[in-house]
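According to Swiss-Prot, the protein carries these features:
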| type | residues | note |
| --- | --- | --- |
| BINDING | Arg47 | NADP(+) binding site |
| BINDING | Arg123, Ser124, Ser125, Gly283, Lys298, Pro299, Thr300, Ser301, Ser302, Arg326 | FMN binding site |
Amino acid sequence: MKNSFGSLFSFTTWGESHGPSIGVVIDGCPAGLELHESDFVPAMKRRRPGNPGTSSRKENDIVQILSGVYKGKTTGTPLSLQILNTDVDSSPYENSERLYRPGHSQYTYEKKFGIVDPNGGGRSSARETACRVAAGVVAEKFLANQNIFTLAYLSSLGSLTLPHYLKISPELIHKIHTSPFYSPLPNEKIQEILTSLHDDSDSLGGVISFITSPIHDFLGEPLFGKVHALLASALMSIPAAKGFEIGKGFASAQMRGSQYTDPFVMEGENITLKSNNCGGTLGGITIGVPIEGRIAFKPTSSIKRPCATVTKTKKETTYRTPQTGRHDPCVAIRAVPVVEAMINLVLADLVLYQRCSKL
């Protein structure tokens, strides 16, 4: 099982949803980065369950630094972080020992490895993403020294959709960070949709958009280390992610070259792009404008409606998520800080690569 991501700035997550704890080991973080346990609080608070429109599971998600920091600064040695699981209830998963939950990885894990922990989804649970967010905090602090910043937001939920990318501004950042749904969309409209989902015992997918600050360092490693390829790999590894696009993405397939091509223009003494249909990269290398993209998330399969399945003895039956089950009606909401974390982890890796690219 592959549990690590990254090359020079890499991380390995460990633990299961209903185990005693989960955690992450970061390797390659440069020495001298100021880091305290309090630095993790804002990001972990955004991702943790118990917020409006999310799972009722209540975890404190307090990050403990176990190694790699001395007197408030990273030492360059492996940085180990731990998060305790404090609100575990495995009772809704008792039936999972005899049948396969539709739409979940339980069946494929069991057939591949011969054994699987079904409680809370085990290793495949979105609980694992808390580790990614913790690692992303370290990457974000490192990138701040390079003047690189990432912002993600819920841009589509049901009939609510933002038709285009938004530009980073203090007002937008404040609006997203103060929204319980991490979105510039109207909060009351989102709540109406979530209430309807709850009443219907159903779930819904969503789209997360992201944008970075302009990146002037020409990050990216052709041919197989292209920025957008690495971002796609990172973001599509998030549970429930089902689609990725950079810039105009799939819409570019319906455009003419005269419409799509971004002209070069001068901005003072700097060369830049007049438009950003490419999404911030040419040849897989950043070009000094923001990276823009979107990720689509499927509706969760954990819904309190009956669905056809089979038992482990190959008998057809039905399965319904127990009323006591605790699941998100829209996983895209809590995925916003996870998206930011994975982007920051990719960019931190590429910044270190860039330092090795030429004399």
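Every residue, even glycine, has its Cβ placed from backbone N, Cα and C.
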Inter-residue Cα distance where the pair is Arg47 (NADP(+) binding site) and Arg123 (FMN binding site), in Å: 18
Arg47 (NADP(+) binding site) versus Thr300 (FMN binding site) - Cα distance in angstrom: 17
For Arg47 (NADP(+) binding site), the one of Ser125, Lys298, Ser302 that lies nearest, given that the binding-site residues are compared by Cα: Ser125
Packing count at Arg123 (FMN binding site) (other Cβ atoms within 10 Å of its Cβ): 21
Neighbour count (Cβ, 10 Å) for Ser302 (FMN binding site): 21
Those binding-site residues listed as Arg47, Lys298, and which of them has the most Cβ atoms within 10 Å of its own Cβ: Arg47
Candidates Ser125, Thr300: member of the binding-site residues with the richest Cβ shell (10 Å): Thr300
